[in-house]
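If you look up TrEMBL, you'll see 1165-1174 marked as compositional bias 'Low complexity'. The domain 'SSD' annotation in TrEMBL covers 371-529. Sequence annotations record features per position, and here TrEMBL assigns region 'Disordered' to 1-22, 1152-1184. The transmembrane segment feature in TrEMBL is assigned to 58-77, 376-393, 405-428, 476-498, 504-529, 941-961, 968-987, 993-1018, 1039-1058, 1064-1088.
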Amino acid sequence: MVGPPPQGEPPRGRPAPARPAAPQILGGSLKAPLWLRAYFQGLLFSLGCGIQRHCGKVLFLGLLALGALALGLRVAVIETDLEQLWVEVGSQVSQELRYTKEKLGEEAAYTSQMLIQTPRQEGENVLTPEALGLHLQAALTASKVQVSLYGKSWDLNKICYKSGVPLIENGMIERMIEKLFPCVILTPLDCFWEGAKLQGGSAYLPGRPDIQWTNLDPEQLLEELGPFASLEGFRELLDKAQVGQAYVGRPCLHPDDLHCPPSAPNHHSRQEELLLGGMTRDPQGQLLRAEALQTTFLLMSPRQLYEHFRGDYQTHDIGWSEEQAATVLQAWQRRFVQLAQEVLPTNASQQVHAFSSTTLDDILHAFSEVSVTRVVGGYLLMLAYACVTMLRWDCAQSQGAVGLAGVLLVALAVASGLGLCALLDIAFNAATTQVLPFLALGIGVDDIFLLAHAFTEVPSGTPLQEHTGACLQRTGTSVALTSINNMVAFFMAALVPIPALRAFSLQAAIVVSCTFAVVMLVFPAVLSLDLHRRHSQRLDVLCCFSSPCSARVIQILPQELGDRTVPVGITRLTATVQAFAHCEASSQHVVTILPPQTHLVSPPSDPLGSELFIPGGSTRDLLGQEEGTRQKIAHRSPPCACWNLARFARYQFAPLLLQSHTKALVLVLFGALLGLSLYGATLVQDGLALTDVVPRGTKEHAFLSAQLRYFSLYEVALVTQGGFDYAHSQRALFDLHQRFSSLKAVLPPPTSQPPRTWLHYYRNWLQGIQAAFDQDWAAGRITRHSYRNASEDGALAYKLLIQTGDTQEPLDFSQLPTRKLVDTEGLIPPELFYSGLTVWVNSDPLGLAASQANFYPPPPEWLHDKYDTTGENLRIPAAQPLEFAQFPFLLRGLQSTADFVEAIEGARAACAEAGRAGVRAYPSGSPFLFWEQYLGLRRCFLLAVGILLVCTFLVCALLLLNPWMAGLIVLVLAMMTMELFGIMGFLGIKLSAIPVVILVASVGIGVEFTVHVALGFLTTQGSRSLRAAHALEHTFAPVTDGAVSTLLGLLMLAGSSFDFIVRYFFMVLTVLTVLGLLHGLVLLPVLLSILGPPPEVVQVYKENTEVLNPPAPQGGGLRWGVPPSLHPSFARVTTSMTVALHPPPLPGAYIHPASDEPAWPPSTTPAASSSSTPISRGPCPATG
């Protein structure tokens, strides 16, 4: 074996060529973009070299920092409150909700537990004795639910919501009424005597059986108690409430029931009449049939239950607290749902669906729980894929352990990012726990594959201690560009003002940032350690064992091989041919590196023809692409191991794609896809129903579906605020109520009943006591100075009529004959408004409860005593000016999001009109909390996408320093977003805040599939088609691996029990990944081959008639000559060969190193000009 010639001398017998022409930069001088990029890559090179020198320390410190951040998961808080998750931040609704909570507190007045009964055969009538009897059976079973907690038994009568309990001075009567006062149960069974069976209260009076609602006749009871207590006021209260004989005066559902009272109208007959869901009436309004029944039990809130039993003898020994009250209610509700759903046999003609507020909370908690099985399964699948795709037959090039370490690092980065979010007090939600771990894994592993691919393509001759620096130099720009765009995309998605989605977007951005740091800082340390493993000739994965592979490199100087023979034992021969041109006296030269020949035979025909082999240079050293990858060889492997994605892209995919007719077909197909997507975009509807979130096939989903179909009623309220004078704004308040009541969606009250608002109840009550006063005055029972003989209502009116509202002279008896509590226009005198409000609130608890006024501040307590005629009892304290009151309404017929939006817009318009009249009001209720976002959702979506596309353009233009290319990337990304939106329409996926976040994030995720191809094209020389082919050859494999890794990360979402996760995350993100792959590897190369920007560097070749042929070999045999594909200006051909018996452990060990090339003076060294731009890097110190 002959050694190389001394440094500075050409090979013997071969004169040194004249200095060939140097690469010429467009415009005649080096452009600023190349200098800036070279500087940036010089920094990356220095970073990589530093990491390689201290790879062990970097890895240790990186793992330590990641582990410390991951500990933040211990303080993570999972938010399941719908209001906290779904109400827009900073919106009008959030401000109104905050105002409501400031005035009324955090809780609702009651919670609802519902039973819905539907026939198993759709469309059947439920107005049958059998169906009503089954409903009674289910409701009765639910009403008898008991749970034992804290050593006590809790039944419905103890925890139910009771509205308007009156205050009675007689202690015995008060205790009896408290036990008998009915729970609020909204049921069609109240139309029948059997409705009494749902009430569990009872009381005892000597000489008669236990008093229960099944045998209670309130009128008869008051007659019996009359001699023992003054119950006139209570009797008037019952008369106003029209209680009458209560249940004993109602028809029996089953007249043959032994307990059916004789007073029932149909004691021996049948009657069926009910208000139901899915009703059908005749033209006269008579009920003909119905398809559903509903019963609703109202329970106290935890705070109310706590206050009710605080200090009670039943709870004094258990340390009674609000948390215990909440636990009691939750346990009762779960038992309620369980028993109600199991009460009917499976073969019954009817089915009962039960639901409670706790059921919804349980669903949200289950929705937010981390599925350990799916997370572990997804990460194991990714580990297996990374290991298998990076394993090689060549032990020296195999990277299976690198793949495993990379996936584990990404997993740790995800955990540390989420831990940092927890430390920053960003609450987790279902999207965080169900989606983000898989999405972040898929995105993060993309860059791992890119770095691993690039590390195997480090140029020949790179010193061992500079491998990591060279890898980061070539790929750092790509990784930075994709990661920055992903971060910007998720930060822009945080513009969506929904708290759950804003938290998800911020968490995703932080996780991507942590992954970026790991990929740029920690993973290169892993690559450096693996380089030491390869240099030490150890097995991949099982690094404790030495590799059986050995390396013997034979350097053969340029010479002929006599008799066409190869030394014994050589299994593969590679030749690298460098051609130099002798040009003008400018002492410049050009260099081209011809494709390697794996055998001493003619190279295989290239599908792209000789275009790939014409002299050409590249700036790929600046951007992570290396033309010299074809110089690397391995030992003989099985035939199947010779195939890879890069080879497929070079020899099959790129030649086919870049043919003229294929380009035309691609443009037509993608144009058709865009057109179909534009049509599909018109099919996208707004909305996200609760049935979309609850798993299909569950009992909860069946209930919600039945409720949406048959009982689409929503309780809402029209809230009036402070800041205006209620007493002088009564006409405006009545007008506001009338305007609101006229909305299409508002359910009007029965014609026989007055409107259910506090102002109407208050005014009607005043008119009632005014009528009683007038009667008493006319009969002489009331005089100017006495009301002792008046009725209770007359005495109340007397006290109100003498009020002046003046603190100095509060009473004026001379007003009695002339003053009225309500004037002829139906308005209350302003000076009496707040005094009368105090009297009404304390004297008409049933009317107050029915009005659901919820006054704040509440009027003061005041007790009326007709027999107390002192001045103190005559003086009525006026209520404070109101800051909060509400009118209740029912909205009906709200099926689609368009219905909700129409109702919301009408309500807002009514409030705006009232505002112009001086009344400050806003609507309140679940439709306004959860559906008002759709008023501006599409505007928010377009704004976020538009801003993000502009940001992406700026980022790409800044890092690529090529606005032309940045514009093409943004064009492709906009097409992807539009097509994804259109496909959502065809898939029936509705537009809500969740798809909006994915659509916004799709811009950033799409950069993963486009920027690598764009970089490869931008930094390659030649025609547009040639540059597109080069870009595909070098990026097809990492982009495809990245897409597959993303799909594997998403695959585990398909196994979610929540159809919502499958439809809104898995399907949408999968479509996004497929679109990204098609646009990045099919459409973008075609567009670049047609519209791509010019290359940054152009080689200039000059004709020279002087051709120096090498001396002929001295014997026959294989001769080296100028290949026919070389440019005619080439004047000298030098050859060098590296012969390897077996694959050595290092890629650079068997590639002809730069230091072993025929040495030329520094000014004429070919290697010095093999790159078309200067590389800003210096030598790295040797690894210690």
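Even glycines carry a Cβ here, placed using N, Cα and C.
Here the transmembrane segment (405-428) sits apart from the transmembrane segment (476-498); fewer than 3 CB pairs are under 8 Å, leaving out pairs fewer than 6 apart in sequence. Residues of the same chain lying 6 or more positions beyond the ends of the transmembrane segment (1039-1058) and with a Cβ under 8 Å from any Cβ of it are 367, 371, 374-375, 377-378, 381-382, 385-386, 389, 434-435, 438-443, 445-447, 449-450, 453, 645, 693-695, 1008-1009, 1012-1013, 1065-1066, 1069-1070, 1073-1074, 1076-1077, 1080-1081. Of the ranges 504-529, 941-961, 993-1018, the one with the most Cβ pairs under 8 Å to the transmembrane segment (476-498) is 993-1018.
The highest tally of CB pairs under 8 A with the transmembrane segment (968-987), across 58-77, 941-961, 993-1018, 1064-1088, is held by 1064-1088.
Within its own chain, the transmembrane segment (58-77) has Cβ neighbours under 8 Å at 51, 412-413, 415-423, 427-428, 514, 518, 521-522, 524-526, 529, counting only residues six or more beyond its boundaries. Here the transmembrane segment (1064-1088) has long-range neighbours at 431, 434-435, 439, 442, 654, 657-658, 662-663, 666-667, 670, 692, 968-969, 971-972, 975-976, 979-980, 983-984, 987, 989, 994-995, 998, 1002, 1005-1006, 1008-1010, 1012-1014, 1017, 1024, 1027-1028, 1031-1032, 1036, 1039-1040, 1043, 1046-1047, 1050, 1053-1054, 1056, meaning same-chain residues at least 6 beyond its ends whose C-beta is under 8 angstroms from one of its own. With a threshold of 8 Å between CB atoms, the same-chain residues lying at least 6 positions outside the transmembrane segment (941-961) that come near it are 32-33, 36-37, 477, 480-481, 484-485, 488-489, 492-493, 495-496, 967, 969-970, 973-974, 977, 991, 996, 999-1000, 1003-1004, 1007, 1011, 1014-1015, 1018.
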